[in-house]
């Protein structure tokens, strides 16, 4: 009995992708250090790690849904709405900061839960459901807040944004990486994560093995909502205010970073494979590229074009890789 | 049976549209003033092009997130050609259409040739086209468009009928002709309806997919240029908020998200309904942000109804 | 010669399995030719080679005495091979006429379509099939039989010289099947060569002129007139006279006090899928076979039992207790009920995941510790003995199941139920696409399971397998149970009995 | 093995980068960054004014930069990147009056003085002061001018920009105040907001004019896109009965003033802001201080506002208003030197 072609066990693939990304990060770092004035300055590293913290969360928020073969367009709307919710609790109801943040996470989780619920019970693809909910959530948020920022926040909350370690490190990245570690543990070392991946790889096989695929889909949407909420809170901490437009109209500005990290990190869009480490590294790389390009003379007007190209390049590479390996895994 | 359901499907929309019209006209007599009708039809003209642009990709079972981004890029290029290089309107229009089609072709080729997900490809090109737009314009509008274009954007062709309705009517006719009369249109629908069956019957699925995206790009480009004519300037922000409405109208109009079926009349009626709602909110001084809420809700209701309908057994396709 | 289609020495192998090993086939013009064989005999692979879906590793294909090479399905249809697959290949929203002439639409790009012409053509072909339908109706509104007719019309419209029909009557009523046969005879008389794949010997006898029997990827008979065979001879050719001897016969199941309460019992069960009044019982340690033709509703019954589809009336009892199983999760974890799917690649295993992940999926919930934590080593310690016992051959426990052979995939698919320690196991077509040795091994495994007290409901279309394993055999037809046979392991007798019963009820 | 090599590479690159960047940081001359929050024709004057200031006041570098999109995150990212590039003095239009504060705090913390330009940060902030047109005054003046054009009576509609922009609310209030002074002769029919997206503005403004155009006598627009759209709509209707006053300097608006469809526009002195601002921030960086007794105004959410004034542009002074702005800039410069600044 031939044992197929090469045995491609998942950890190896993840490690090689991670190594590749790490190499790119280092190369980019070296290149930008030489070419872009101030790239390696402590302040730039500080802001870079701060932005990376946000991008890591966004990537993870999308990754967990992609793991089941779905997607969540409403991350931006959910993130901003949840942050606004926390802001109102602190500003108008004088909630303790920690309680407000926890409440915001729950709020985001609840919004995600609704997404997942509709996806499962209306049996409609998550694309169209989250497209609609992105419009509904953002619309409702604007109507309720009259599009006004939350500006009167407790000092303890504002102080969080000023923490800076060793001069060049933002704790936001550490928090995000810690959350990433939790999700990695969840995906690899709990039955919940394993069931999520099984649901994404083959919902029929998973169902027939006794996995409640529907509730796993709801789980990841809720988790995605929570992570989006965490991203919203993190950005609010950085801004010192909750601004309704901080993720752009309908939260659309978060979509590109949210998809860039998992796709670059080798998460399969068809589901069943999701790597936290590479998603985190990919988010770092994207942040690094953005920052470097801003610093180089290329100019801020080309950043978006470049990020789009990177996304395209990533899917083309993944396609080429899976064709070469003959695995036929769809992107 | 299916046919009667189909008919009911857009009969319902027609009833809603007419009712909405009547309600508005009775509650606000000013609704029927020629200028208001002119404005309503201008809105309709642009929104229809956007909706059709998304509908053609839905027809082949895919989607185009870059629709607005293509529209914006074509809009500024169209205006830029006239402003910077002093081209006249006609060649600029041609160049704009070609650029839109080219952008669509890029999407289509990446998707069909490399077998990539339409979602991720058009998300990437959304960013790329928008980036090009910003890099070209430095985010500043082009003001000096050809007088013909600005006159066209404001002109009426008899009574309250705006001239910008002409490209929309023509585009709709062409799209309808392609989908109902031309082999390539039928091939697009066949691929959307059952791609393995279409492949077996000798249809080139790749060509159908690419064609659908080319059409989508051209329609987006045309929409962008109509927007320039209406705004009287080449705004780089054109297209930024097309995403939701581009899906809303076809979905409400009964276009199958899985592909293989388009309803042009349904889509047009859905555009009318959405336009009436937007107008109604302004007329009744309701917070304009409710538009977002209502649009999202309508999409959900429409897909909910569709999935309900698909539960009803009709013939073998439900097996 | 008047051979419309001739295949010689066709060899086709897939990784780990040789599906066809030197198969020949000759189909004469103006004849209806039956291609028969048990499941896994290689019929569908052969059909796929004839229709250009697969390419043979060796051998020649001749159409009208000309050697041809089919690089894709399109090439086959250009050579006059028309095919009607088991699943429908129609564009749902298109009209009947348009579906019939779809190939013409595919050939052009911009020349406007003349619907009057298309409707005329469509009507012409429909009329040839004596079908009175409005050709402007969308095919989504047709019944399965009508849709199949449309596909036949489409195949004919391509001037097909050879018409291949794969299990055409599987989803037809007997009345509809008769109508189809009239059409096929008529086409034969017009000179069309028809290759018919079917399980139903009755319909083959009444319809076909010639026959080729396949067994285990080889010709059991070469192509020849059907007149030379009676039904028993066909059955012999299909199942192989001495094949049953290879099987280790199982010591019969005996009812004792410890298994007097059935582990699984259905009492007058009807399902939302159309099963009516199904009553059956499986005791601990018993293997109950469920036999039937394609489309009889066996798999659907299995899926209804495990909670995938609702049971609308009647009672389902597990260990004597009436239960309602809402989903597979509770079937597995509450009622200790497992299901080995017939569709291994889509439902049995998760191809992209590791052996470990596949074999352990049913016990994750049980093994998890605090905070739902669950380590690989913990799963491994539970499933590794099983994987060893099943002799699963894989590069490592972390290798993706995709890279395993069919037999090893099937072992993994069964391993998860062993790991779960289910008391009731429904096994659906366990040996499809699996080589003989692994098959024998699986049979031994199933028997051992039963001996250890597992109640097994075995679904199989493989008659020798059924006879070798089952203690009792239930016959299913059109979503109803029609007969029960006590299995005394006398293969010749039992197989003839089953065949005659199932064929007897085929057209009632 | 492999990993340790990677880490040493990272460490090496880090070290090299830090060394080079600190070397550049030692540059003693003033490098001013003028940063707008997003593309807007209003800011085009800043570039030229900055260059003028660099020449007139002998400042090392004055660069005008703008993010590709009107978006807070992009604005912050641009500011951060400029801080890393050794810009050591900033004139910033805040992307958000509160959410830009932490970034400004960072910049000031690194020793770069910041003046908030054309729009103010909400107090308390680390900006030295706010140099902007007093929104209340500008909107009030515009409303007064409109009321005068309308002959002291009639109905007004106000088309405004994003509600998210706190200035929008301030302007609504200022217009209400001007209207209130007419004792009911003039009323505000509606304040329609969030018109900064072209399509939305097009739909809403046209719909409003279509249905209620006969009902109103005056239009005041306080944002860029609604100004353009409303001016275009009036041209389309061809009706010069409705008086309109803008609060912007878009080309199409200017053309409409020239052709008589729009009465005039109250233009902020963008030239003066960047020109005088550059001078001020350079002085603040090189040791000068602000006087404790400077005549700050308390407006625009800031207690330290220096009003940069406005110019009322009509068909009569359309071609010369840039000169008027420059003249006024000289006046502002003089008063800043005398009343606001003290140098050692």
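Every residue gets a Cβ built from N, Cα and C, even glycine.
Unlike curated records, TrEMBL annotations are generated automatically.
The annotation transmembrane segment is assigned in TrEMBL to B:12-31, B:37-60, B:67-87, B:93-111, B:118-137, B:157-180, B:208-231, B:251-277, B:289-308.
A contact between the transmembrane segment (B:208-231) and the transmembrane segment (B:118-137) is absent, since fewer than 3 of their C-beta pairs, 6 or more residues apart, lie under 8 Å.
Counting Cβ pairs under 8 Å that are 6 or more residues apart, the transmembrane segment (B:37-60) and the transmembrane segment (B:251-277) reach 3 or more and are in contact. Ranked by the number of CB pairs under 8 Å to the transmembrane segment (B:251-277), the listed stretches B:12-31, B:67-87, B:93-111, B:157-180, B:289-308 are led by B:12-31. Long-range contacts of the transmembrane segment (B:67-87) within its own chain (CB-CB distance under 8 A, at least 6 residues past either end) are made by residues 50, 53-54, 93, 95-97, 99-100, 103-104, 122, 125-130, 132-133, 136-137, 141-146, 149, 216-217, 220-221, 223-225, 227-228, 233-243, 246.
For the transmembrane segment (B:118-137), the residues of the chain that approach it from at least six positions outside its boundaries are 57, 62-70, 72-73, 76-77, 80, 103, 106-107, 110-111, 234, 236, judged by C-beta separation under 8 angstroms.
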